[in-house]
Amino acid sequence: MPDAEVYYEPTFFSKEESNRYFNELQQQVGWQQEHIRMFGRQVAMPRLTAWYGDKGYTYSGLQNEPKPWLPLLLELKQAVELRTGNHYNSVLLNYYRQGSDSMGWHADNEPELGQNPSIASLSFGGTRRFGFRQRQNKEQKNHYLTLQHGSLLLMQGPTQHFWQHSIPKTATAVEPRINLTFRFVY
Ligand SMILES: O=C(O)CCC(=O)C(=O)O
Ligand SMILES: [Mn+2]
């Protein structure tokens, strides 16, 4: 992909480790149903979410305050930091209950994430397709990855300037999926 820096490691964690992480995340994370305002109406987001991180900064997104780190999330953060060589202070979690749960096209380009953010993304549970499309040149063909149970996806460099990503809905029967995106918030 031009103007992107994306790495994908399909088996960052073993199947056994990944099964354990999925179960623990499902049970321990404070999953919330958030709503977005659309055409003057409150619409339930098509997934559950949670936000954990260091305190002491404000964030203009949907949730106003991160929850304090759980030991489980610190363990995952450390594994990701060792592998990527980056430092993260915040994690956004998504729980896709079924194929109709999804995330629309967007870039992780909030000003709080800095100029060229490094986003490290872990996937557990059902495999889902992850799409990339160029922000300017929509004629460029989209690229898709199938994010596996226990995988690590790293997006950094100029990626968020030039590309959007999404988790499309699927009509195929899929197992629930948990995603964690580690970020550094300034
Ligand atoms: O579920 C995923 O893999 C994508 C999550 C994502 O893009 C985000 O949280 O910003
Ligand atoms: Mn994103």
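Any Cβ shown, glycine's included, is placed from N, Cα and C.
All annotation found in TrEMBL is predicted automatically rather than curated by experts.
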Site-mate of N94, Y96, H106, R177, T181, R183 for 2-oxoglutarate in TrEMBL, selected among H87, H165:
H165
In this predicted model, what is the average pLDDT of the domain 'Fe2OG dioxygenase' (87-186)?
96
Determine the minimum-neighbour residue: among H106, R177, listed as binding-site residues, which Cβ has the fewest other Cβ atoms within 10 angstroms?
H106
Tell me the Cβ contacts of R183 (2-oxoglutarate binding site) under 8 Å, same chain only and six or more apart in sequence, or just say none.
Y88, N89, S90, V91, L92, D108, L113, P117, S118, I119
